[in-house]
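Some features that Swiss-Prot has for this protein:
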- Ser112: active site, nucleophile (ACT_SITE)
- His137: active site (ACT_SITE)
Amino acid sequence: MNAMVLDDVIKSQAGYLNPYILEERQLNVTQLDVFSRLMMDRIIFLGTQIDDYTANTLQAQLLYLDSVDPGKDISIYINSPGGSVYAGLGIYDTMQFISSDVATICTGMAASMASVLLVAGAKGKRSALPHSRVMIHQPMGGAQGQASDIEITAREIQKLKKELYTIIADHSGTSFDKVWADSDRDYWMTAQEAKEYGMIDEVLIKK
């Protein structure tokens, strides 16, 4: 059995506390940050806003885990306010592309683009802790400059809106029209309400 203890030093990078652990193996002791250690158990954390860096990291982790053990489940724990739609769609497409089922678990908040990733988990393997919140809404964006440039941006936002609502409707089983209407403004759901909406399959309660 591996013995693991919390390291005395917690490394701080860009204001984010990244704890390290010491993993004691038969022949040596290896220092790992806790997220890397969890990834060895096929657990990935999405605990920040979704941007290009986050998306690149998550996509790389998904592709790596799928390559070392194709078909074995991967879990993504989500506590995120959302972020870039383009970056999030990159994560979404990777989740659908790999052969491994991706289980999604909301551990606090899955809002905006993060809610799309939550509902995109493998059917029957999407869950949330009891006091989690899920929020869907229409994509936001701004434009300035010439009228033609503003029109181009507006058309793109409408395309993204339809694309995101289609994804939510397909994975949740809720009608496209209802998703469209509900997302006109911020639409917040408790864990139980998210289950009834089809965003998750189970509310996790300790037995």
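Any Cβ shown, glycine's included, is placed from N, Cα and C.
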Can you tell me whether DSSP puts the residue listed as 'active site' in helix, strand or coil?
coil
Sparsest-packed among the active-site residues, when each Cβ's other Cβ atoms within 10 Å are tallied, from Ser112, His137:
His137
Quick one: what's DSSP say for Ser112 (active site, nucleophile), helix, strand or coil?
coil
If I take the alpha carbons of Ser112 (active site, nucleophile) and His137 (active site), what is the distance between them in whole Å?
6
